[in-house]
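J.: Below you will find the structure I want to go over with you.
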Amino acid sequence: MKPLITFVLLSLCLLPIIFVLVSTSFKADSRSFSIDYKNNCFRKDGKPFQYISGSIHYSRIPREYWKDRLLKMYMTGLNAIQVYVPWNFHETLQGVFNFAGDRDLEYFLNLANQTGLLVILRPGPYICAEWEMGGLPAWLLQKPNIILRSADTEYLKATSVWFGVLLTKMRPWLYQNGGNIISVQVENEYGSYFACDYNYMRHLHNLFRLFLGEDVILFTTDGNTDKEMICGTLEGLYATIDFGTDTNITAAFIRQRRFEPKGPLVNSEFYTGWLDHWGDKHASVDTVKVSKMLGEMLSMGASVNMYMFEGGTNFGYWNGADHDTRFRSVVTSYDYNAPLSEAGDPTDKLLAIRDVIKNFRDIPVGPMPPATPKFAYGFVTLQKVGNISSLLDTLSPQGPVQSQYPLTFEEIKQYYGSMLYRTTLPRNVPEPTPLISPLNGIHDRAYVSVNGVYKGLMERDTALVMNVTGQQGDQLDIIVENMGRVNFGSYINDNKGLLGNLILGNDVLTDWSIYPLDIDTAVANGWLQAGHSGSGMEAGDGPMIYSGTLKSTGLAWDTFVKLNGWTKGQVWVNGVNLGRYWPQRGPQQTLYVPGPFLSATQPNNITVLELERAPSHRRILFMDRPQLNIYFLRNGKNAKKKSIPRCLS
């Protein structure tokens with residue numbers, strides 16, 4: 001096997017970025033950002049510097065609101081922001097790179113620069129972040145045996161190409177080159193991953209130096225344990241640590257000192273809040289604890305990044321999931337109980353944090369920008385468009401893929417959303433007969449019907465058997481929903497769909513027609529309107545599409561849509577996928593609708609995919625405030641929320 005460095009250089013020579021290897025970057029006179037190991041601090045332009053930073057994810061906020069959120073962070077007293085770059089957000093399809101619109105990272109960096117905020121960049125390639133597959137693109141899973149986050153040849157090749165594109169764009173934005181990026185993280189909490197592959201980390205280190213040069217600070221972030229710091233750190237990368245309000249500050253920084261004896265103390269993720277899974281109680285972290293602990297760290301001279309400062313929203317299918325004892329999907333809202341709410345509104349926590357920061361640096365003069373206006377538009381009644389089976393010509397115009405056995409989403413190259421698996425019953429089953437997924441191969445929820453009659457669902461880890469009746473030759477339809485790929489731990493190779501055979505009684509089901517469902521394109525093109533209904537199930541039973549119109553009011557203000565009585569599904573407004581709803585599971589009851597998604601002068605098209613059962617009233621309600629904390633009993637007992645670090649096992 002050739003040495004890694006030889007492989008890297010050979011693969012990179014194919015990229016149109018040779019100029020990076022031979023050009024000398026422009027460096028603005030006197031601009032520098034470095035580590036002073038003698039005095040244990042950062043130095044900016046030669047002067048001691050302490051950053052007070054907050055995490056914000058441009059991928060979770062509409063582009064129209066980036067400036068608003070950044071200004072609020074600046075007016076709180078922050079002098080820096082920390083930014084993840086989700087690889088799959090920019091290269092959803094292999095070789096197709098998208099940096100336009102809501103993906104225009106350089107525009108976001110420029111806004112931050114104009115606002116007066118420095119940037120701590122976290123480009124991964126893996127980011128965790130409760131984001132789909134931790135930011136890794138699902139097309140990597142087309143290689144069945146790929147070992148992600150390792151020196152696996154296929155993985156290194158893909159990351160080299162990606163960074164050849166991304167880091168080339170980032171180099172002019174480095175502080176010493178006239179931009180505002182002061183440091184760049186390599187990988188992300190790698191010490192918590194099972195591989196502990198130093199060759200992989202060395203490969204990334206060399207790659208970052210190749211594209212970014214020798215002057216930029218490269219660092220790592222790991223959890224507050226020896227194991228994680230051992231596997232996540234590497235010589236030449238500055239080692240930082242992360243922890244929340246339940247941690248002894250002195251003990252945590254002593255641990256950082258064991259791995260980085262000199263240089264600034266850094267908490268790269270100080271947790272101001274926490275994430276929610278469906279079925280959890282809404283997470284919260286006490287404001288007094290956050291502000292008190294922030295003050296203590298700043299008093300020690302530590303640089304601190306608050307995770308999160310503005311959480312935002314997992315629009316579309318971008319939520320991640322965890323898998324400890326079972327699969328648990330992250331909710332659509334990434335409010336995170338952060339200082340700025342999901343809708344970007346200042347909270348009491350923000351005001352308390354600002355009062356702490358005043359003791360360490362001058363706060364910008366002027367008022368805090370107000371909350372964006374909200375409006376309760378009221379009820380909208382939806383009409384049935386049709387069930388999925390009756391709309392296949394619209395939702396899957398290319399037709400089915402034929403296969404003797406089930407194929408995964410990745411094999412079909414349908415990475416998100418849902419697919420329909422269709423076959424026929426191989427014999428008469430007059431008595432209830434178990435339909436079984438013997439190897440826990442439902443990833444993640446399967447909605448089952450026979451001859452257009454909805455029978456129920458199967459679910460990963462929890463419901464792998466259901467009873468079916470019918471006659472030989474009856475049509476069996478199984479719509480499988482991808483609930484978001486695991487974003488942390490050893491289960492990130494998270495293929496979706498039917499991962500193995502289904503068995504009906506003693507018969508292995510074969511001869512499948514598999515339909516990729518492109519619901520988003522159909523919605524965006526206005527193809528799913530009431531009155532186009534096909535035959536099939538009665539309204540309310542099984543996967544069904546509904547549509548309606550929110551009349552124009554002359555306003556396009558933020559609002560929150562509540563689906564009281566609906567079960568589980570997805571909502572689109574004017575073709576924009578707001579994300580998943582699941583009010584019966586909770587805790588989230590409303591979906592955030594940013595004002596820029598609405599029209600003040602034209603009717604607003606609403607589309608709902610209900611996967612189980614719609615209420616008879618078919619109404620949805622647009623409110624002027626969110627409901628994120630309604631928690632229900634499940635199986636007669638309170639669902640328990642495990643207290644684990646955000647991206648640590």
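Including glycine, each Cβ sits where the backbone N, Cα and C put it.
Quick paste from TrEMBL:
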type     : residues : note
SIGNAL   : 1-24     : signal peptide
DOMAIN   : 42-359   : domain 'Glycoside hydrolase 35 catalytic'
ACT_SITE : E189     : active site, proton donor
ACT_SITE : E269     : active site, nucleophile
DOMAIN   : 406-518  : domain 'Beta-galactosidase 1-like first all-beta'
DOMAIN   : 543-601  : domain 'Beta-galactosidase galactose-binding'
J.: Pop the Cα-Cα gap between the residue listed as 'active site, nucleophile' and the residue listed as 'active site, proton donor' into the table, whole Å please.
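T.: Here the two Cα atoms are 10 Å apart.
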J.: Test of understanding: give the count of other CB atoms lying within 10 angstroms of the CB of E269 (active site, nucleophile).
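T.: Counting Cβ neighbours of E269 (active site, nucleophile) within 10 Å gives 27.
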J.: Tell me, how many other CB atoms lie within 10 A of the CB of E189 (active site, proton donor), whichever protein chain they belong to?
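T.: So the Cβ neighbour count for E189 (active site, proton donor) comes to 26.
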J.: Let me know the model's mean pLDDT on the domain 'Glycoside hydrolase 35 catalytic' (42-359).
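T.: On average, pLDDT over the domain 'Glycoside hydrolase 35 catalytic' (42-359) sits at 98.
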J.: Please spell out the DSSP helix, strand and coil residue counts for the domain 'Beta-galactosidase 1-like first all-beta' (406-518).
T.: 4 helix, 58 strand, 51 coil
